[in-house]
Amino acid sequence: MADAGIPDEILYSDISDDEIIIDGDGDSSGDEDDDDGGLTRQAAARIVTDLGFEVLQPLQSGSEGRVFVARRPGEADTVVLKVGQKPSTLMEGMLLQRLSHDNVMRMKQMLARGPATCLVLPHFRCDLYSYLTMRDGPLDMRDAGCVIRAVLRGLAYLHGMRIMHRDVKAENIFLEDVDTVCLGDLGAARCNVAAPNFYGLAGTIETNAPEVLARDRYDTKVDVWGAGVVLFETLAYPKTITGGDEPAINGEMHLIDLIRALGVHPEEFPPDTRLRSEFVRYAGTHRQPYTQYARVARLGLPETGAFLIYKMLTFDPVRRPSADEILNFGMWTV
């Protein structure tokens with residue numbers, strides 16, 4: 001657990017500079033003062049106050065709105081308020097109203113003030129990225145298994161409702177401890193996903209699945225890939241899946257780095273896709289197809305963890321197991 005004296009701005013990590021939301025014609029990223037259609041942090045704080053809350057601490061804003069730790073005067077419990085005036089904030093709130101699962105963020109309330117929507121959310125101790133940073137070391141297999149199993153349970157629930165999260169990463173996984181884990185931030189989620197299609201670019205480059213980066217058709221299996229990257233990061237911290245220390249320049253460069261780092265074999269590329277036609281030339285034959293990735297094998301990770309990472313990071317999404325299928329693997333002991 002994190003030290004109780006650590007302030008929230010440390011317990012909650014920054015939004016990645018490489019977060020992308022490009023769905024249709026929109027494009028949002030970063031934390032500029034007008035990144036929510038002109039809703040400044042000061043204006044959002046006034047909305048929070050007008051709604052009867054006391055702002056305790058601003059958190060790093062994302063592409064979908066301003067975020068604060070707050071509480072109602074006279075109440076001890078704190079909450080996280082997400083304030084935005086883009087349609088996506090309202091849509092996220094409407095989606096959260098439909099959800100009820102222990103491993104998916106439960107919205108307490110949705111409020112409106114003029115054109116702005118305010119989501120009242122639980123205040124967790126920290127996010128997984130910050131938890132790993134404060135530990136300054138990887139988790140053991142027991143703790144990593146607890147975290148990723150909870151994430152997979154949340155994903156299985158969402159996928160059963162035909163909801164695709166599209167931004168599974170350590171920053172969007174919230175916890176009190178490794179036994180109390182919740183998947184949050186559904187601002188990039190897509191509903192009514194019945195079959196693979198190109199639903200636009202969304203999420204974060206470093207955790208995007210290859211089919212997203214290649215702009216191919218995709219479905220809920222992209223969330224399994226993101227969870228696989230998270231599992232790698234929890235077991236191999238501070239190493240990254242590509243071995244690079246700098247953020248990806250763009251999606252295509254990250255995809256090339258990924259193919260090379262994992263040692264993806266040409267036979268593992270899905271047929272009749274842009275992924276194969278445009279990127280198979282970066283593959284190698286030094287590794288047998290459908291065996292453990294070179295990048296993972298070199299690190300000496302726990303055998304169970306290495307197996308799960310390989311399955312979740314199966315390059316061809318058709319071969320990649322679903323969250324439900326992984327949860328039914330016989331190796332779970334946590």
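Glycine is treated like the rest: Cβ placed from N, Cα and C.
Summarising the annotation, Swiss-Prot assigns domain 'Protein kinase' to 53-333.
Here Swiss-Prot flags Leu59, Gln60, Ser61, Gly62, Ser63, Glu64, Gly65, Arg66, Val67, Lys82 as ATP binding site, drawing on sequence analysis. Around the Cβ of Val67 (ATP binding site), the same chain contributes Pro58, Leu59, Gln60, Ser61, Val80, Leu81, Lys82, Val83, each under 8 angstroms and 6 or more positions distant in sequence.
Secondary structure from DSSP puts Asp167 (active site, proton acceptor) in coil. Annotation source Swiss-Prot lists active site, proton acceptor at Asp167, citing sequence analysis.
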For Gly65 (ATP binding site), the number of other Cβ atoms found within 10 Å of its own Cβ: 25
Mean per-residue pLDDT computed across the domain 'Protein kinase' (53-333): 95
Neighbouring C-beta atoms (10 Å sphere around the C-beta of Leu59 (ATP binding site)): 19
Other C-beta atoms that fall within 10 angstroms of the C-beta of Ser61 (ATP binding site): 25
